[in-house]
Amino acid sequence: MRVAIYANDGKKSQNVKKKLLTRLKERHFALDDLHPEVVISIGGDGTLLSAFHHYQAQLDTIRFVGVHTGHLGFYTDWRDDEIDDLVISLESDNGQSVSYPLLDVGVKYADSPSKVHYLSLNESTLKRISSTMVTDVYLGGEFFERFRGDGLCVSTPTGSTAYNKSLGGAVVHPDLEVLQIAEISSINNRVFRTLSSPMIIAPNDWITFKPHGSNFILTVDSETYQGRTITEIYYKISKKRIHFAKYRHNHFWLRVQEAFIGIENED
Ligand code: NAD
């Protein structure tokens with residue numbers, strides 16, 4: 001099996017990387033950063049997001065494993081003191097995996113005739129910082145509303161626990177192939193009106209934003225794009241998915257409970 005390690009620069013992550021490299025070499029795994037079959041990210045969710053973007057051209061042939069060196073993350077199942085167990089699981093690997101939907105972000109810029117596509121694991125936001133963002137929102141090609149406010153966030157199911165949750169969006173089980181739109185500080189008064197609720201968009205539907213004016217900031221996970229005038233953005237579920245090596249069962253709602261509520265006795 002060809003394995004790559006993608007670690008953040010933190011001292012703890014670098015130490016875990018060193019230990020893991022030693023174990024993998026002892027067990028004769030092939031280390032291959034260019035064409036790996038399994039990518040082990042060491043750090044937090046942000047590190048896994050970076051690893052995803054680094055290897056996004058090879059998603060069909062890669063499975064990810066997340067080791068967390070801080071608190072339990074959403075994409076990082078393994079604790080840093082479980083390296084030996086992880087190597088045992090890699091040795092008995094039989095290709096088992098779980099996959100999650102991704103967001104296809106198609107952007108039409110005023111200075112180019114062709115659309116630019118970005119792929120998102122968590123979410124993409126459109127914002128305007130210095131003045132009100134005005135954007136027409138279309139659902140399935142039909143005009144829905146004219147949004148005024150700070151911005152809009154479109155998230156994947158696995159991204160629903162990230163920025164989307166801070167915006168009051170729903171947590172979505174990742175078995176559902178749906179997208180969610182959440183508002184960022186919409187203006188609502190007698191003149192201007194938006195739905196003011198998060199919306200879950202059906203699997204085959206698509207979302208279009210047609211922003212008015214310029215100076216928008218587009219984010220795709222941790223990446224930021226600005227400086228070019230955007231005329232239209234299309235959001236739909238991507239044909240591509242992210243695959244994780246599934247060596248043990250992690251119940252989604254238990255992970256949500258652990259991350260946001262903490263473990264309590266029932267009585
Ligand atoms: P980071 O690694 O510091 O991540 C920020 C926080 O988001 C961390 O606590 C991380 O564990 C958590 N996180 C990331 N993905 C998650 C997920 N799918 N479910 C639950 N929690 C998740 O910083 P970064 O590398 O810049 O991460 C980018 C992400 O940060 C973005 O994709 C966005 O979701 C999130 N973010 C959140 C807010 C907010 O909640 N107000 C604002 C901006 C960005």
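The chain as shown is numbered from 1 upward.
Just so it is clear, glycine is given a Cβ too, placed from its N, Cα and C backbone atoms.
Note that TrEMBL annotation is computational and uncurated.
Here TrEMBL flags D45, G46, N122, E123, R148, D150, T161, A162, Y163, N164, K165, S166 as NAD(+) binding site. Summarising the annotation, TrEMBL assigns active site, proton acceptor to D45.
Features as recorded by TrEMBL, highlighted on the structure.
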residue	record	DSSP (3 states)
D45	NAD(+) binding site	helix
N122	NAD(+) binding site	coil
R148	NAD(+) binding site	strand
T161	NAD(+) binding site	helix
NAD(+) binding residues D45, G46, N122, E123, R148, D150, T161, A162, Y163, N164, K165, S166: largest Cα-Cα distance, in Å and rounded to whole number:
31
Please work out which residue of N122, T161 has the most C-beta neighbours within 10 angstroms of its C-beta, and give that one of the binding-site residues.
N122
Quick one: which of the binding-site residues (D45, N122, R148, T161, Y163, K165) have their CB closer than 6 Å to ligand 1?
D45, N122, T161, Y163
If you count other C-beta atoms within 10 angstroms, which of the binding-site residues D45, R148, Y163, K165 is the most crowded?
D45
